[in-house]
Ligand SMILES: O=c1ccn([C@H]2C[C@H](O)[C@@H](COP(=O)(O)OP(=O)(O)OP(=O)(O)O)O2)c(=O)[nH]1
Ligand SMILES: [Mg+2]
């Protein structure tokens with residue numbers, strides 16, 4: 001069995017954060033976690049199949065070449081059907097406004113009540129490339145070609 005190489009704990013980036021409310025600085029629950037939890041600063045009830053934009057009480061300044069992505073939390077999704085409409089939300093490096101989360105209650109019958117301070121999303125910071133788009137008449141061939149949307153097969157006979 002190959003020995004896993006420990007992750008480099010120096011792989012962190014400094015991100016300035018403003019707390020706009022009495023909220024904790026987002027933190028990673030465990031070493032090696034990718035997402036730092038964000039809380040809602042408001043009590044909210046999301047009706048069945050409803051959506052609501054909640055503030056998180058934080059704004060950040062990312063270095064150029066980085067973006068932050070607002071991801072759903074699996075516990076909220078699995079237990080209550082709560083996800084994020086635009087998952088993952090994209091926070092641009094130049095954005096200085098409050099980070100907000102557009103929550104969606106996918107449950108058809110049950111409303112979901114969230115209280116101020118509840119963790120509603122997780123923020124993943126990533127390095128991102130920006131492209132120089134080069135218009136071309138044709139594109140180089142590839143093994144996949146234009147196959148997509150299930151071209152490699154479905155599941156369980158469908
Ligand atoms: O889940 C999200 C997604 C975005 N944003 C903020 C940060 C981001 O930099 C800005 C714009 O997001 P996006 O580009 O996704 O929205 P848009 O509809 O294209 O708005 P804009 O025209 O302002 O770019 O909104 C959030 O706070 N939460
Ligand atoms: Mg945009």
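Positions of Cβ are set from backbone N, Cα and C atoms, glycine also.
What TrEMBL records for 73, 74, 75, 86, 90, 91, 92 is substrate binding site. What TrEMBL records for 147-158 is compositional bias 'Gly residues'. For 22-153, the entry in TrEMBL reads domain 'dUTPase-like'. The region 'Disordered' annotation in TrEMBL covers 137-158.
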Just report the maximum Cα pair distance in Å for the recorded substrate binders 73, 74, 75, 86, 90, 91, 92, no decimals.
26
10 Å Cβ neighbour count around residue 73 (substrate binding site)?
20
Listed in sequence order, the binding-site residues from 73, 91, 92 whose CB sits under 6 Å from ligand 1 are 91, 92
In the region 'Disordered' (137-158), how many residues does DSSP put in helix, strand and coil?
0 helix, 0 strand, 22 coil
Integer mean pLDDT for the domain 'dUTPase-like' (22-153)
98
For the binding-site residues listed (91, 92), most other Cβ atoms within 10 Å of the Cβ sits at 91
Helix, strand or coil: which one is residue 74 (substrate binding site) in, per DSSP?
helix
Around the Cβ of residue 75 (substrate binding site), the count of other Cβ atoms that are within 10 Å:
10
Around the Cβ of residue 90 (substrate binding site), how many other Cβ atoms lie within 10 Å? Please give the count over every shown protein chain.
11
Please list residues from the chain of residue 86 (substrate binding site) whose Cβ is under 8 angstroms from its Cβ, counting only those at least six apart in sequence.
102
For residue 74 (substrate binding site), what is the tally of other C-beta atoms lying within 10 angstroms of its C-beta?
10
